[in-house]
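Quick look at what TrEMBL lists:
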type: DOMAIN; residues: 5-134; note: domain 'Cytidyltransferase-like'
type: BINDING; residues: 9, 41, 74, 88; note: substrate binding site
type: BINDING; residues: 9, 10, 17, 89, 90, 91, 99, 124, 125, 126, 127, 128, 129, 130; note: ATP binding site
type: SITE; residues: 17; note: site 'Transition state stabilizer'
């Protein structure tokens, strides 16, 4: 069984993330979406909330998708899952530089786990969770960047922050 791992913070999950998920499920038998705890980034949503949102977002895809939180080293999590491949999305050159460095380090940790990069669809290249949160905090429209469910949850969070 080919198991893919798509890790990220997903704070919040965007249309760009969903595009990568929809394409990644075609490449593997099972896709595990690893939700990084990453409290250092000061997330808007708790890890449990991000897991819940992602599970709701991927449910209509009718694919073998599992959403799991993790707080360990990515390669340790991948090994626990018996993942064959790590899936990463690339939006721009800045993403590539970071991902190139991470992939080189991950290969040193476990050369048996490949990293596959999926280029962001041009419609989603500018979308970043950080910017979605900033736009929402400034009372801007975020509906073209996230699903209606996510937009509603983001608005509720920023109003109570």
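Using N, Cα and C of the backbone, Cβ positions are placed for all residues, glycine too.
A map of TrEMBL features onto the structure.
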residue	record	Cβ within 10 Å
9	substrate binding site	18
17	ATP binding site	25
74	substrate binding site	20
88	substrate binding site	21
90	ATP binding site	17
99	ATP binding site	16
125	ATP binding site	15
127	ATP binding site	20
129	ATP binding site	24
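Listed in sequence order, the binding-site residues near residue 99 (ATP binding site) (C-alpha within 10 Å of its C-alpha) are 88, out of 9, 74, 88. DSSP classifies residue 129 (ATP binding site) as helix under the three-state reduction.
A Cα-Cα distance of 10 Å separates residue 88 (substrate binding site) from residue 17 (ATP binding site). Between the C-alpha atoms of residue 129 (ATP binding site) and residue 9 (substrate binding site), the distance comes to 9 Å. In this model, the domain 'Cytidyltransferase-like' (5-134) carries an average pLDDT of 94.
In the three-state DSSP scheme, residue 9 (substrate binding site) falls into the coil class. The Cα of residue 9 (substrate binding site) lies closest to that of 17, out of the binding-site residues 17, 90, 125, 127.
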